[in-house]
Amino acid sequence: MVASSSLPRLLRAARGEVLDRPPVWMMRQAGRYMKVYRDLRDKYPGFRERSETPELAIEISLQPFRAFKPDGVILFSDILTPLPGMGIPFDIIESKGPILEPPIRTAEQVAAVHDLDPEEATPFIRPILETLRQEVGNEAAVLGFAGAPWTLAAYAIEGKSSKTYANIKHLAFSEPTILHELLGKLADNIAIYLCHQIDCGAQVVQLFDSWAGQLSPIDYDTFALPYQQRVFQQVKAKHPEVPLILYISGSAGVLERMGQSGCDIVSVDWTVDLLDARRRLGPDIGLQGNIDPGVLFGSQDFIRDRILDTVRKAGNQRHILNLGHGILPGTPEDNARHFFETAKNLDQLLAASH
């Protein structure tokens, strides 16, 4: 057992230690709000080139670490990255987002989805994660991530981002057997992919079921929860010590169900008060979040006050400070810096405010 004080703060929080301040990182902390990222994007305009070339992905992952020293450094990648390795091709078009052609809508297409071999299909993952671990040492935890089965199925079936999810719901409610077959294959492949990330150096992994908030509770229980559980059970069987985070956008209606997924930490969006989230999830599930990314357009005093309010509600145990969603493009970089500086000084700020 490694001495606790030498472990990254984020791991200590995930294990339930009482800390003087919560660890902090931001979803999409490497991205368009940073000038260094925009400069690199101008030079390498293809998203897949940036995320699948080790040197570029390492550099991008480390940009916010060098600038702000967050307690977590997340792999720069995309939830769709492993899909081609299962026989589901995609591309990301600047300003349009992901395109998956042809969309998957028949039993024959689902039957053609095959097992993922991450070393072969995503060979860039190992050098990226190994290098990130070397670069950050114990100063931060390295996070891996993947998309959850429902959300990946939604992309594959819609063929692109959607506001209505009409195609996947059509399949769910008229031919559920086909959808369940796809969800099962995705769950097993995502478990393989997350275990591979852990083998390569990820110390914490987050499952993004970004679109599961679009489901009614009864449909969440049918199409989302069982497959989240299937992923987490397989990862826990191989890596019982690795903290698992589940994030859903618009999750207020299914919060308790998220706690049944097998995750250790529920990442909460800003529509739920953290005191309420604690009450609804119980003492054994950690919380991550949950500041509205729009707060970072406010004054620095406003940002500080919101951070203090959030941390007081969360308490000093099993909480990772984060936004409730990814940081927005156009966010002033100085305000992101202020967010991290405030978070890193919370022990003094909390003491001074009592």
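Quick reminder: no glycine exception, Cβ is built from N, Cα and C everywhere.
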Since Swiss-Prot lists Arg28, Gln29, Ala30, Gly31, Arg32, Phe47, Asp78, Ser210, His325 for substrate, which candidate among Tyr155, Tyr227 does it give for that site as well?
Tyr155
Which residues, sitting 6 or more apart from Ala30 (substrate binding site) on the same chain, put a CB under 8 Å from its CB?
Tyr37, Ile60, Ser61, Gln63, Pro64, Ile74, Phe76
Could you tell me the maximum Cα-Cα distance in Å between the residues recorded as binding substrate, namely Arg28, Gln29, Ala30, Gly31, Arg32, Phe47, Asp78, Tyr155, Ser210, His325, rounded to a whole number?
23
Give the number of CB atoms, excluding that of Arg28 (substrate binding site) itself, located within 10 Å of its CB.
18
What are the sequence-distant neighbours of Arg32 (substrate binding site), meaning same chain, six or more residues apart, C-beta distance under 8 angstroms?
Arg38, Arg41, Pro329, Gly330
Within the same chain, the residues at least 6 apart in sequence whose Cβ is under 8 angstroms from that of Asp78 (substrate binding site) are Phe47, Ser51, Ile92, Pro98
